[in-house]
Amino acid sequence: MENYNQTSTDFILLGLFPPSKIGLFLFILFVLIFLMALIGNLSMILLIFLDTHLHTPMYFLLSQLSLIDLNYISTIVPKMASDFLYGNKSISFIGCGIQSFFFMTFAGAEALLLTSMAYDRYVAICFPLHYPIRMSKRMYVLMITGSWMIGSINSCAHTVYAFRIPYCKSRAINHFFCDVPAMLTLACTDTWVYEYTVFLSSTIFLVFPFTGIACSYGWVLLAVYRMHSAEGRKKAYSTCSTHLTVVTFYYAPFAYTYLCPRSLRSLTEDKVLAVFYTILTPMLNPIIYSLRNKEVMGALTRVIQNIFSVKM
């Protein structure tokens, strides 16, 4: 029997897993995905740190993406799993605010970081001679700190505003985490002003970055087409297609949830789509970036050989 343990300020997360065998199967599946995401992203961070061949702006940005994904999925899955395991789906008002803040911080930072990674590839392929200047250490450190800071500021503003809205007696959030669009359905007041604010923020963090990424890769594909080296074209296509796959997995469901009017989508759709950008993407990113990347696989081989040579 589920024990909500609710107080007047608690929210109830209805969750993703039904109380049945299917729910148990999904619980086990998502815990395995969570563990894969932890192992994959931690391995990517350690690999880039340990292998000097990967000490480049491209891989430094990739290590930050892994760090964001690691925190991203850790903000959502442990609470969701414990809710199902112990049957206590309540979350305090403050706890909900903290989860919402970190979720939006990591989401915003990842959107901006993916744009920085696209710019990095654009400069590397279209202006290779200018790459050391345009992507200096100062530049990529600014990109990373800027992504984190802007994501945090945006998240702080939304969290403070969302948690000052009066909520009705029904505190049941039809979601598996404290997502603002799902919470707005419980508000006792008209939230159209805030919804427009969310739309504007989503445009800044989704539409503008995606447009920048699309333009960058448009120029990249044109430059690749003009390359004389077949090996160079193959490497460039591989790198770009990998990044575009990650971008599509992340941006498409996010854009539908936050830019599509509430009347044209259901809360069930929001929950299913949220699985893509909160759980599946953090698990898939290290796999996508490593399987098709000879430099990463080569670095992995070198690190393993060094470990065994030290032991011997």
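The backbone N, Cα and C atoms fix where each Cβ goes, glycine too.
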Residue pair Ile94, His175: same membrane side in Swiss-Prot: yes
Beyond the flanks of the transmembrane segment (236-258) by 6 or more, those residues with Cβ under 8 Å of it: 107, 110-111, 114, 117-118, 121, 125, 181, 198-199, 202, 206-207, 209-210, 213, 217, 220-221, 223-224, 227, 265, 269-270, 273-274, 276-277, 280-281, 284-285, 288-289, 292-293
For the transmembrane segment (57-78): best-contacting stretch of 100-119, 139-157, 195-218, by Cβ pairs under 8 Å: 100-119
Local Cβ density at Cys188 (disulfide bond) - other Cβ atoms counted within 10 Å: 11
Assigned element (helix, strand, coil) containing Cys96 (disulfide bond), judged by DSSP: helix
Which same-chain residues, if any, lie at least 6 apart from Cys96 (disulfide bond) yet have Cβ under 8 Å of it: Phe11, Phe163, Ile173, Cys178, Met183
Considering the transmembrane segment (272-291), which listed stretch of 25-48, 100-119, 195-218 counts the most C-beta pairs under 8 Å: 25-48
